[in-house]
Amino acid sequence: MSFDRSIKIAPSILSADFADFGREIQAIEAQGADWVHVDVMDGHFVPNLTFGPPAVAAFRKHVKTVMDVHLMISPVDAYIDAYAQAGADVLTAHVEAGPHIHRTMQAIRAAGMKAGVAVNPGTPIEAIEHILDITDLVCIMTVNPGFGGQKYIDMTAKVRKLRALIGDRPVHIEIDGGMDPTTAPLMAAAGADVFVAGSAVFKGGSVSTPEVYGKNIAAIRAAAQAAL
Ligand code: DX5
Ligand code: ZN
């Protein structure tokens, strides 16, 4: 199958109802989500705590699309197998999380997952230039990780540079933080194909009014596609 560069929307369940994850995941998928983004935080690499492997394994039972797991933890390597067992399709580690990102990417692929690397706003894109041959996805952070609902930090120049570094390699460019119908087109024009959105997808809706999620997802997708 050829590499899919089309626009994909990945709602972050960090903005879902934490007492109702199963139905929230079903609702966003029924309303057009392409991937489901799961934010794992350790209270050390970022100042917030979220989901361990048993929680992620419970989400997996409801995810029919792609489970995209974003690790905001340090160290990473000791947990790779646990998140593989939990059913992650894509596992993303931060380049800032330790000194051996090359080893981490190899270990993620060896555990049978797609390997992603995330890059904080303050980190130059050259930090990941030499691992692109063993990378399936680069996640460009457009907020400082740790919380949903933060203000978008413009990383257009970084994404353009990354697009050029990737060349024709089959590597996804994912954007995470502050994505909405105003900001997503800037990133689409710069070369991104996966758009994580938490607050902009879940705002105004609920499992009893899932059509709001559908409208929100469609609005981000349409704005991003219009920029291509
Ligand atoms: C931030 C997380 C994001 C977050 C995005 O640390 O990695 O995935 O949930 O939330 P919004 O779309 O509200 O910025
Ligand atoms: Zn994330």
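Using N, Cα and C of the backbone, Cβ positions are placed for all residues, glycine too.
In TrEMBL, annotation is done automatically, which means it is predicted and not curated.
Database features, via TrEMBL:
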- Ser12, His70, Gly146, Phe147, Gly148, Gly149, Asp176, Gly177, Gly178, Gly198, Ser199: substrate binding site (BINDING)
- His37, Asp39, His70, Asp176: divalent metal cation binding site (BINDING)
- Asp39: active site, proton acceptor (ACT_SITE)
- Asp176: active site, proton donor (ACT_SITE)
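Known features from TrEMBL, placed on the structure.
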| residue | record | contacts (Cβ under 8 Å, 6+ apart) |
| --- | --- | --- |
| Ser12 | substrate binding site | His37, Val38, Asp39, Gly148, Asp176, Val196, Ala197, Gly198, Val201 |
| His70 | divalent metal cation binding site | His37, Val38, Asp39, Val40, Thr92, Gly116, Ala118, Cys139, Asp176, Val196 |
| Gly146 | substrate binding site | Met41, Val46, Pro47, Asn48, Met72 |
| Gly178 | substrate binding site | Thr142, Val143, Gln150, Lys151, Tyr152, Ile153 |
| Ser199 | substrate binding site | Ser15, Gly148, Gly149 |
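Same-chain residues that are not part of Ser12, His70, Gly146, Phe147, Gly148, Gly149, Asp176, Gly177, Gly178, Gly198, Ser199 yet have a Cβ within 8 Å of the Cβ center of the substrate site turn out to be Leu14, Ser15, Asp39, Val143, Pro145, Gln150, Val196. Its Cβ placed at the centre, Gly148 (substrate binding site) has 20 other Cβ atoms within 10 Å. Among the binding-site residues Gly146, Gly148, Asp176, Gly178, Ser199, the residues whose Cβ sits under 6 Å from any atom of ligand 2 are Asp176.
The 10 Å shell around the Cβ of Asp39 (divalent metal cation binding site) contains 24 further Cβ atoms across the protein chains shown. Sparsest Cβ environment among the binding-site residues His37, Asp176 (other Cβ atoms counted within 10 Å): Asp176.
Reduced to three states, the DSSP call for Asp39 (divalent metal cation binding site) is strand.
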